[in-house]
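Quick notes on the structure that follows.
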Amino acid sequence: MTALNYTGVSYTVFHLLGVPGLEDQHVWISIPFFISYVTALLGNSLLIFIIVTKCSLQEPMYLFLCMLAGADIVLSTCIVPQALAVFWFHAGEISLDRCITQVFFLSSTFIYESGILLVMAFDRYIAICRPLRYTTVLTCTLIGKIGVTLLLRSCCTIFPVIFLLKRLTFCKSNILPNTACKHIVLARLSCDDIRVNIWYGFFVLMSTLVIDVVLIFISYVLILRAVFYIPSQDARHKALNTCGSHVCVIILFYVPGIFSGLAQRFGHHISPHIHVLLSNVYILAPPMLNPIIYGIKTKLIRDQAMYVFFTKQK
């Protein structure tokens, strides 16, 4: 598809390149994408099934984990099917409305998942620092309200992006050098001033992800302080062990995203295909590895998963 540059003409159809510069390797690149997606769907679906059907798992920690698994399914579905279509069938054509819809769901789900990780840190804080009030504070009603609040926060924060993109005239090119539509990547194809888009993107980052990271850090500082006051070494080990899975998931969620953001901001000498691959890691890795981490480190979930497979084999 040839990208023309007529002043006053606004493209309504765009073409996703996939991984620019590695078009001849798309079939091989699709393999980890496909494996990660299948693993994410199966692992998170099994996790949700186990938590919903087992009464012994109807506790706040597992209900939040169920929300996280649902967000992981949506997050990976936002990008992988489109990427596989580009890799396998060269079906990179996408309309402007569909592209903006993808931006909305991808960004809002990412913010929603960050919020879930924050409330899971709060859950661990209550369980370790206020154990006698755990069941009275984190009631099912409150958990439901938290889920709805996080959903509203993510949707309301990203909703203005729709109008910020719809107002633009896309006359520079209709070629998107990526596997999916991203806010700033799409905005850079505009001939208009996109400073509002850039500043609003910065506002979204600071008001959601950065605040979430700071509050998670504060929660774990308080948790560690409370743990070190526990006299029994076994009790300290058990308390820290309950946080192990959550800490692994936090690192897996935030670190690749921060690294990708720094590479985008300061790594101008880095090849475009490296930027694209890095930007996909923080979307592909957490949905695939989160259920594995919780399955390995949480005995109750591991036992229930083995029971499900054992009964199916019988």
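For all residues, glycine too, the Cβ spot is worked out from N, Cα and C.
Features reported for this protein in TrEMBL:
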- 43-294: domain 'G-protein coupled receptors family 1 profile' (DOMAIN)
- 27-50: transmembrane segment (TRANSMEM)
- 62-91: transmembrane segment (TRANSMEM)
- 103-122: transmembrane segment (TRANSMEM)
- 142-165: transmembrane segment (TRANSMEM)
- 198-227: transmembrane segment (TRANSMEM)
- 239-262: transmembrane segment (TRANSMEM)
- 274-296: transmembrane segment (TRANSMEM)
Feature contact check the transmembrane segment (103-122) with the transmembrane segment (239-262), CB under 8 Å, 3 or more pairs: yes
Highest-contact recorded stretch vs the transmembrane segment (103-122), from 62-91, 142-165, 198-227, 274-296, CB pairs under 8 Å: 142-165
Suppose you look only at the domain 'G-protein coupled receptors family 1 profile' (43-294); what would the mean pLDDT be? 90
